[in-house]
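**Q** Pasting a structure below so you can have a look.
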Amino acid sequence: MTKKEIIILCGPTASGKSYLGHEFAKAYNGEIVNIDSMQVYKEISIITASPPKSYTAEVTYHLYNFLSITEDFSVVKYLKLATEKIKEITARGKLPILIGGTGLYINSLVFGYNNIPDISEDLREQVRNLHTEIGNIGLWNKLEELDTLAASKINQNDTQRLIRAYEVFLQTGKSIFSFQTLPKEQILSDFNFKIIFLNPERKFLYKTCDERLDKIFKEGAIDEIALIKKQFIPQDYSNLKAVGVKEILAYLDGNLTLDEALSAAQIRTRHYAKRQVTWFKKQIEDKTTLEYSNQEEFAQILNVIPAWH
């Protein structure tokens, strides 16, 4: 039986994924599925550059801005939802097009994942409260007492991985890294993945990063984060790690001017984009890479869309 096709359009932030994916979906009767870990949250749709209404009016989009930032989400939960959407799309005779830059989600969909048991909500809250009380160093010390392997591999400043490792050990009695030795579960083995990697020339990428942040700041991101601040959500909350959030919070707290906040967010975005490019180059081997160094070359990519499908 011929395998059904899935298009994955990936690459660094501000590389043009959303635009190209939207045009591809219009041309080939596609529906778009989010594969970005931050664009699932409805309260931060502006700062994460989620698809505008002009896009969603033309093409069906899935798994964007449907969760509250106060809700826990994981790669396993994402995979379950994404798999359901992909199968629904193909059942309608349409083409699933996945757009995003979260490497863990992409890697798990394509190559399988290590099935770590779900963490109970009570335990999550317990660990979160403990972290608020003792901070990263205190939690890392507790992790080291229980799981020296995880402690040796996780930086004390990596809040999300630190909390995750501690939760997993308390829930299972095993190191989170012990699950990585188990065979990976394949969830979409009856599909054929076509991976398109957008790789802009670095100077051009940094320019688009800066321009997008400037646009986002001017088009409502300040008010968006101010509203979250009023909800008294902890500023180190893992679901608020989208680039620009902490810089705007610093501005709202009076610790940075608006120009300083924008500049800091732009610098962090460029660093993030660089890490994404490195990851995709190293981790995804079977892919089509599209390179461009200016807006004119980017526009020409539309001419090669027929070769994708």
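The backbone N, Cα and C atoms fix where each Cβ goes, glycine too.
So Swiss-Prot says this about it:
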BINDING   Gly11, Pro12, Thr13, Ala14, Ser15, Gly16, Lys17, Ser18  ATP binding site
BINDING   Thr13, Ala14, Ser15, Gly16, Lys17, Ser18  substrate binding site
REGION    36-39  region 'Interaction with substrate tRNA'
SITE      Thr102  site 'Interaction with substrate tRNA'
SITE      Arg124  site 'Interaction with substrate tRNA'
REGION    160-164  region 'Interaction with substrate tRNA'
**Q** Work through the binding-site residues one by one (Gly11, Pro12, Gly16) and point out the residue whose CB has the fewest other CB atoms within 10 angstroms.
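**A** Among the binding-site residues Gly11, Pro12, Gly16, the lowest count of other Cβ atoms within 10 Å belongs to Gly16.
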**Q** Taking DSSP states H, G and I as helix and E and B as strand, how many residues of the region 'Interaction with substrate tRNA' (160-164) are helix, strand and coil?
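**A** Residue counts in helix, strand and coil order: 5 helix, 0 strand, 0 coil.
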**Q** Taking DSSP states H, G and I as helix and E and B as strand, how many residues of the region 'Interaction with substrate tRNA' (36-39) are helix, strand and coil?
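**A** Result for the region 'Interaction with substrate tRNA' (36-39), in helix, strand, coil order: 0 helix, 0 strand, 4 coil.
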**Q** Of the binding-site residues listed here (Gly11, Ala14, Gly16, Lys17, Ser18), which is spatially closest to Thr102 (site 'Interaction with substrate tRNA') when Cα positions are compared?
**A** Gly11
**Q** Using Cα coordinates, what distance in whole Å links Gly11 (ATP binding site) and Arg124 (site 'Interaction with substrate tRNA')?
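**A** Spelling it out, the Cα of Gly11 (ATP binding site) and the Cα of Arg124 (site 'Interaction with substrate tRNA') are 32 Å apart.
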**Q** If you count the C-beta atoms lying within 10 Å of each candidate's C-beta, which of the binding-site residues Ala14, Lys17 ends up with the smallest number?
**A** Lys17
**Q** List nothing but the one residue from Ser15, Ser18 whose Cβ has the fewest other Cβ atoms within 10 Å; the candidates are the binding-site residues.
**A** Ser18
**Q** Residues other than Thr13, Ala14, Ser15, Gly16, Lys17, Ser18 within 8 Å, Cβ to Cβ centroid, of the substrate site?
**A** Gly11, Pro12, Tyr19, Gly101, Leu198, Thr208
**Q** Which whole-number mean pLDDT does the model give the region 'Interaction with substrate tRNA' (160-164)?
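**A** A mean pLDDT of 89 is what the model gives the region 'Interaction with substrate tRNA' (160-164).
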**Q** Between Thr13, Thr102, which of the recorded positions has its C-beta surrounded by the fewest other C-beta atoms within 10 Å?
**A** Thr102
**Q** In sequence order, which residues at least six apart in the same chain have a CB under 8 Å from the CB of Arg124 (site 'Interaction with substrate tRNA')?
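**A** Spatial neighbours, sequence-distant, of Arg124 (site 'Interaction with substrate tRNA'): Asp72, Glu167.
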**Q** May I have the list of same-chain residues other than Gly11, Pro12, Thr13, Ala14, Ser15, Gly16, Lys17, Ser18 whose Cβ is within 8 Å of the Cβ centroid of the recorded ATP site, in sequence order?
**A** Gly101, Leu198, Pro200, Thr208
**Q** Specify the secondary structure state of Ser18 (ATP binding site) as given by DSSP, simplified to three classes.
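**A** The residue in question, Ser18 (ATP binding site), is helix (DSSP, three-state).
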